[in-house]
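A short worksheet on the structure shown next.
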Amino acid sequence: MSGRDMAKPLLGHRSMEGDPSITPAAGRTIGVLGSGDFARSLAIRLVCSGFKVVVGSRNPKRKAGLFPSAAEVTFQAEAVKKTDVIFVAVFREHYSTLCDLADVLAGKILVDVSNNTEINHHKESNAEYLASLFPACTVVKGFNVISAWTLQSGARDGNKQVLICSNNQEAKRTVAEIAQVMGFTPVDMGCMSSACEIENIPLRLLPAWKIPIFLALGLFLCFFTYNLIRQVIHPYIREQKNKLYKIPIEVVNTTLPCVAYVMLSLVYLPGVLAACSQLYYGTKYRRFPDWLDQWLQHRKQIGLLSFFCAALHAVYSLCLPMRRSHRYQLIETAVKQAVEKKMNIWVEEEVWRMEIYISVGIIALGLLSLLAITSLPSIANSLNWREFSFIQSTLGFVALVVSTLHTLTYGWSRAFDENQYKFYLPPTYTLTLLVPCTVILAKVFFSLPCIQQRLLRIRRGWEKGRYVKFVLPSTTGEYSSGETSSNV
């Protein structure tokens with residue numbers, strides 16, 4: 001199994017929740033070897049779930065106070081003798097210290113809960129190494145993706161899935177039974193060869209977020225450099241004015257909405273490309289290219305990053321009047337108007353532009369907030385498919401249109417002002433309109449009745465070029481067979 005597959009939801013593996021072969025196991029005795037944080041949390045959870053717990057430690061008198069009073073803390077050899085299922089909660093480098101217990105451990109089920117410090121740090125997994133040290137035991141890999149905090153607070157406050165693998169089906173069933181009684185969802189990951197991938201899961205840092213984050217950073221650097229040239233370097237070269245003070249707030253605040261706007265359009269662009277592919281090939285069964293498939297899978301993360309940038313833009317915009325430079329500019333403008341004896345500086349067009357610009361921006365941010373909230377699993381699980389699709393698809397497209405109006409209102413007629421083209425570079429907001437407008441025009445095109453009906457037929461299983469058998473009566477009264485294309 002590749003690392004890319006492991007980053008996907010575990011839909012391809014069999015959940016053991018509700019399996020009739022799994023029967024309640026509360027009341028049986030469970031052994032725990034180790035006295036670290038995870039061992040203590042495990043013992044607490046087992047006791048709260050109704051199990052009898054025997055903890056094996058090399059220093060039972062000193063460690064007894066760390067465990068719940070209901071758990072029995074004794075020497076390792078004594079703990080092993082009292083149970084058939086033992087959680088090995090020690091590090092890989094300390095497995096060899098258990099070799100003296102090999103005779104007592106024979107025939108027992110050992111549950112390896114350990115993890116490594118690096119991905120693929122060893123050639124073999126910790127569970128396989130433990131199995132090689134104790135060939136007379138049955139080793140099961142499990143509980144390593146559950147944190148000590150989750151064990152203490154319960155399954156409701158953390159990840160409920162417990163990934164389990166072993167070469168012994170009966171041992172897996174026993175451990176799955178224990179996990180289910182503890183309130184977790186056991187997931188059968190197959191044989192022991194899957195242990196290496198299971199051990200790598202806790203070591204991966206946001207596997208589904210890497211591509212979206214790099215995409216957002218790339219867009220930020222591009223737009224930041226572009227705005228820096230226009231707002232700081234151009235005044236310095238042409239007018240010898242030092243505008244470096246604009247970098248921390250103004251340049252960043254000009255960059256953030258560009259990133260948010262383009263990222264939002266990138267959420268819906270792969271859907272447009274997928275629809276074009278289906279219309280071109282006339283089928284929904286043709287596999288998308290890998291890059292498009294990956295793009296479609298990362299839309300949620302891209303949308304959340306878009307909301308994050310938009311929220312930062314709103315905060316930065318509220319802070320603009322608080323800058324010292326802004327106050328100096330206001331005073332300077334007031335002094336100039338007093339010297340020139342200008343009593344009325346009201347510009348009707350600018351007033352309306354800013355009022356509409358801010359109002360539309362607030363609506364866009366509100367819609368993005370709704371999209372972000374409904375993407376959370378706890379909220380999404382309470383919605384049916386039609387509700388979720390309406391919010392994420394229909395309201396998401398409305399958010400893109402409103403964001404486009406927000407950008408157009410900001411530009412107003414300034415896009416046709418030659419003074420806005422510094423170093424012959426167009427204003428930044430005109431560049432951001434390219435991708436969103438393409439998506440909007442494509443959506444309008446797909447909403448045409450003839451295109452919409454064809455696309456709907458394809459997504460319901462119709463295929464272009466598929467031939468259908470038919471039978472026609474001949475002039476002699478006999479029947480002859482033929483075929484025709486389903487797209488006729």
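Using N, Cα and C of the backbone, Cβ positions are placed for all residues, glycine too.
Taken verbatim from TrEMBL:
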- 29-116: domain 'Pyrroline-5-carboxylate reductase catalytic N-terminal' (DOMAIN)
- 259-401: domain 'Ferric oxidoreductase' (DOMAIN)
- 211-229: transmembrane segment (TRANSMEM)
- 259-281: transmembrane segment (TRANSMEM)
- 302-323: transmembrane segment (TRANSMEM)
- 356-376: transmembrane segment (TRANSMEM)
- 388-409: transmembrane segment (TRANSMEM)
- 429-451: transmembrane segment (TRANSMEM)
| query | Going along the chain, which residues at least six beyond the ends of the transmembrane segment (259-281) come within the CB cut-off of under 8 Å? | reply | 215-216, 219-220, 223, 288, 292, 295-296, 299, 302-303, 305-310, 313, 368, 396-397, 399-400, 403, 407, 432, 435-436, 438-439, 442-443, 446, 451, 454-455, 458-459, 464
| task | Looking only at the domain 'Ferric oxidoreductase' (259-401), report the model's average pLDDT. | result | 92
| field | Chain residues in Cβ proximity to the transmembrane segment (211-229) (below 8 Å; excluding those fewer than six residues from its ends, i.e. six or more beyond) | value | 247, 251-252, 254-256, 258-259, 262-263, 266, 294, 298, 301-302, 305, 309, 422-423, 425, 428, 431-432
| said: Please report, as numbers and ranges, the same-chain residues at least 6 past the borders of the transmembrane segment (429-451) whose CB is under 8 Å from any CB of it. | reply: 223, 226, 257-258, 261-262, 264-266, 268-269, 272, 275-276, 279, 397, 400-401, 403-404, 407-408, 410-411, 415
